[in-house]
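J.: So TrEMBL says this about it:
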- 81-264: domain 'Mucolipin extracytosolic' (DOMAIN)
- 279-308: transmembrane segment (TRANSMEM)
- 329-352: transmembrane segment (TRANSMEM)
- 364-387: transmembrane segment (TRANSMEM)
- 367-503: domain 'Polycystin cation channel PKD1/PKD2' (DOMAIN)
- 407-429: transmembrane segment (TRANSMEM)
- 475-496: transmembrane segment (TRANSMEM)
Amino acid sequence: MEISLKYLPGGRAAASGNMMAQSDLDLKETALKEDLKFYFMNPCEKYRARHQIPWKLALQILKILMVTTQLIFFGLSNQLVVSFKEENTVAFKHLFLKGYSGVDEDDYSCSIYTQQDAYDSIFYVINQYKQLKNISLGTLGYEHDGSGLKICKQQYKKGAMLPSNDTLNIDISTETECIVLKPQELASKKAELKLNSSFFNLEFYRLIQVEISFKLKGIALQTIHARELPDCYAFQNTITFNNRAHSGKIKIYFDSDTDIQECKDWHILGSVLQKNSQYILVFDGFVILSCLASLILCTRSIVLALRLQKRFVNFFLEKYKRHVCHADRLEFINGWYVLVIISDVMTIIGSILKMEIKAKNLTSYDVCSILLGTSTLFVWVGVIRYLGYFQTYNVLILTMQASLPKVLRFCCCAGMIYLGYTFCGWIVLGPYHEKFEDLNTVAECLFSLVNGDDMFATFAQIQQKSTLVWVFSRLYLYSFISLFIYMILSLFIALITDSYDTIKKYQQSGFPVTDLHEFLKDCGNVSYRKEQASMPSICCCRRRLSDDNLILIN
């Protein structure tokens, strides 16, 4: 005989408790579905649902314009710096290198082949340095900290060499001697004594290298035409006569390190330059404020998304007694927000450096360029996120997401073959082909061959001194080109094409349904706390309702 629970006091209480618990669970489920539905909406849908103004969208559009404008201004200023450095380096080579043709020979500037040429080239540098102010067209001057023209020679210790008798007796330990010729001493008898000393009696069979270094100062006046304050430059020039090979050919290297310094005392008539600098500093300040606001909003969104993820995981575990899969957890992590945060941090740091450079307190153009350039790249890549709200433009993002894991695994396998060809080409063809002289050049040459660039020149430049090596080079190049272009590159393209076909098929028949998608299926009738309102013209580009169930895109 069964007894109904409604006639038992304990049973009535238990049933009432279960109903209340079930009611609370239903309320939690409804609220969670509402928040999830709202979280995965685009800005236009959020405005229609709760009349919430898309502040982040408006701020990102404003930030794109401001960051791009800032980069253009900085690029124009940096272009003047780069051109000034390059033109001065060319001018120095023509001033101090005797017989310089205007074109560098391979990785060195020029070369000499006789002892007389070596002496003439060394004394030519000294003479040009002595009369620099009378011959130079630039705004150049000497360093006033006591430094001057420093000449150092490095050579082996005493020994004897008789090549005709195949005799060599030399101490391989090296010794270095240096002399300094100061600008104020060059016209005195003291400088003449130094120039006529035994220091310049070079024994070329022992000589390793001669290094001449000197420092010059210059001022870039061309920035005034761009309404910017001029920069002061310090040029550390080094001329190296390299005789390490002792092959009868001395290679001459010219190296110029440029350091931008703050001008200590300058007076420029007219206030246009100062006002222009102040306007740019104010604009940079607004860029920093906009990026800081974007950083705060995106960080807040990520924190709220992690809280919503935790609510969903706990509710799923409470109701269905199982854990949420890893893919559904990643749906809550908006990668675009992470990209925006990284871009904002780099823009803020780069803008601060730019303001210091503009105020002539810093001279680190390279660091500032890397930060501003990379941040602008990320900002424009982030524009793809808003195009992804439209199904037609969303194919690129989905294809990249689907093919990326396969492509990375494929590149790891192909990279092993590529490294093998790199090492093989370097060790075998290096002595006979200039494109295979070092590992970095070999890797660049093979990558060019994969892309079909400069193939005939690579085949033709192999030196036919060894028939065996020449035959090997043909087998090596033919096998590499055939393997990578006809097989590996085709498979690489096939992986991406396969992912694209899969995405197109999913868009027609529907994407695979996960727990999160299944949970949100029946929340189309969820009501929102604010009445839906008509969308202004900026958000008139709405998606079809049927597209919302295809896939969740962050």
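Just so it is clear, glycine is given a Cβ too, placed from its N, Cα and C backbone atoms.
TrEMBL: automatically predicted annotations, no manual curation.
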J.: Using DSSP, tally how many residues of the domain 'Polycystin cation channel PKD1/PKD2' (367-503) sit in helix, strand and coil.
T.: 114 helix, 0 strand, 23 coil
J.: State the residues, same chain only, that lie 6 or more residues beyond the ends of the transmembrane segment (475-496) and have a CB under 8 A from a CB inside it; answer 'none' if no residue qualifies.
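T.: Cβ under 8 Å, 6 or more out: 399, 403, 406-407, 410-411, 414, 417-418, 421, 424-425, 428-429, 446, 449-450, 452, 455, 458-459.
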J.: Which sequence-distant residues neighbour the transmembrane segment (329-352)? Criterion: at least 6 residues beyond either end, Cβ under 8 Å.
T.: 39-40, 60, 67, 70, 284, 287-288, 291-292, 294-295, 298-299, 301-302, 305-306, 308-309, 312-313, 368, 371-372, 374-376, 378-379, 381-382, 385, 516, 552, 554
J.: Against which stretches of its own chain does the transmembrane segment (279-308) lie, if we need a Cβ under 8 Å and a gap of at least six residues from its ends?
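T.: Answer is 35-36, 39, 55-56, 59-60, 62-63, 66-67, 69-70, 73, 332-334, 337-338, 340-341, 343-345, 347-348, 351-352, 354-355, 358-359.
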